[in-house]
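Engineer: Handing you a structure now.
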Ligand SMILES: O=P(O)(O)OP(=O)(O)OP(=O)(O)OC[C@H]1O[C@@H](n2cnc3c(O)ncnc32)[C@H](O)[C@@H]1O
Ligand SMILES: [Mg+2]
């Protein structure tokens, strides 16, 4: 089986990538498989910049193609926050739970119809000697008034999909893979690779 290396330390993302790439016949390795590699600082101001930073760094160190994912939650009533700072919204060493509670409390007085939000995922594919490819994907939803569901990770328990009457955390891994920002970004990536006729993996 061919392997795709993802420059991430996030176990939730690894699970998402596994359910997205296994059906295509790829297995996934992540930074969890390379404990000797130090954490890559996210100094960019956009998702794309951070994805490129992470992918190019690891591709250079390992001398092999690498994908990185920089993603987050964009809430309209919060002027786009937590956005690119989604992982550190409640502070540098806070948990997913702290981050989502901060969003819930900031939206406390906001009416249901005004709680529109989207997940955004930027992917960068970097390979030695090749130009890095960057794509993105989104999924639209609403921030619920309380947590629901235990699947997924991060902000999934408060991201409500009205057509399904479920939060992202109430979806199975396969259901999430059918509609997520990450799934949409991977579709774009596959299209670009195909169009450019490049052998990447
Ligand atoms: O940088 P890496 O090592 O990949 O892992 P990370 O967790 O730091 O990842 P990001 O910097 O991209 O920050 C993403 C934030 O957005 C959240 N997030 C991203 N995708 C999500 C998803 O599919 N469902 C719920 N939350 C998500 C996630 O919990 C983080 O707080
Ligand atoms: Mg990160």
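Glycine is treated like the rest: Cβ placed from N, Cα and C.
Grabbed the feature section from TrEMBL, which reads as follows:
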- 8, 9, 10, 11, 12, 13, 71, 153, 154, 155, 156, 176, 181, 182: substrate binding site (BINDING)
- 41, 70: Mg(2+) binding site (BINDING)
- 70: active site, proton acceptor (ACT_SITE)
Engineer: Work through the binding-site residues one by one (12, 154) and point out the residue whose CB has the fewest other CB atoms within 10 angstroms.
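Structural biologist: It is 12 that, of the binding-site residues 12, 154, has the fewest other Cβ atoms within 10 Å.
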Engineer: Around the Cβ of residue 8 (substrate binding site), how many other Cβ atoms lie within 10 Å? Please give the count over every shown protein chain.
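Structural biologist: The answer is 23 other Cβ atoms.
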Engineer: To which of the binding-site residues 10, 71 does the lowest count of other Cβ atoms within 10 Å belong?
Structural biologist: 10
Engineer: I need the CA-to-CA distance for residue 181 (substrate binding site) versus residue 70 (Mg(2+) binding site), whole Å please.
Structural biologist: 11
Engineer: The record lists 8, 9, 10, 11, 12, 13, 71, 153, 154, 155, 156, 176, 181, 182 as binding substrate. What's the largest Cα to Cα distance among them, in Å, rounded to a whole number?
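Structural biologist: Across 8, 9, 10, 11, 12, 13, 71, 153, 154, 155, 156, 176, 181, 182, the widest Cα separation comes out at 20 Å.
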Engineer: Just name the winner among 41, 70, 156 (the binding-site residues) by count of other CB atoms within 10 A of its CB.
Structural biologist: 70
Engineer: Where does residue 156 (substrate binding site) sit by DSSP, helix, strand or coil?
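Structural biologist: Residue 156 (substrate binding site) sits in a helix per DSSP.
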Engineer: Note down the number of other Cβ atoms within 10 Å of the Cβ of residue 181 (substrate binding site), including every protein chain shown.
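Structural biologist: For residue 181 (substrate binding site), the 10 Å Cβ neighbour count is 26.
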Engineer: Rounded to the nearest angstrom, how far is the Cα of residue 70 (Mg(2+) binding site) from the Cα of residue 10 (substrate binding site)?
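Structural biologist: That comes out at 11 Å between the alpha carbons.
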Engineer: Three-state secondary structure of residue 12 (substrate binding site) from DSSP?
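Structural biologist: The residue in question, residue 12 (substrate binding site), is helix (DSSP, three-state).
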Engineer: Of the binding-site residues 8, 12, 71, 154, which sits closest to residue 41 (Mg(2+) binding site) by Cα distance?
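Structural biologist: Among 8, 12, 71, 154, 8.
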Engineer: Among 8, 12, 154, these being the binding-site residues, pick the one whose CA is nearest to that of residue 70 (Mg(2+) binding site).
Structural biologist: 8
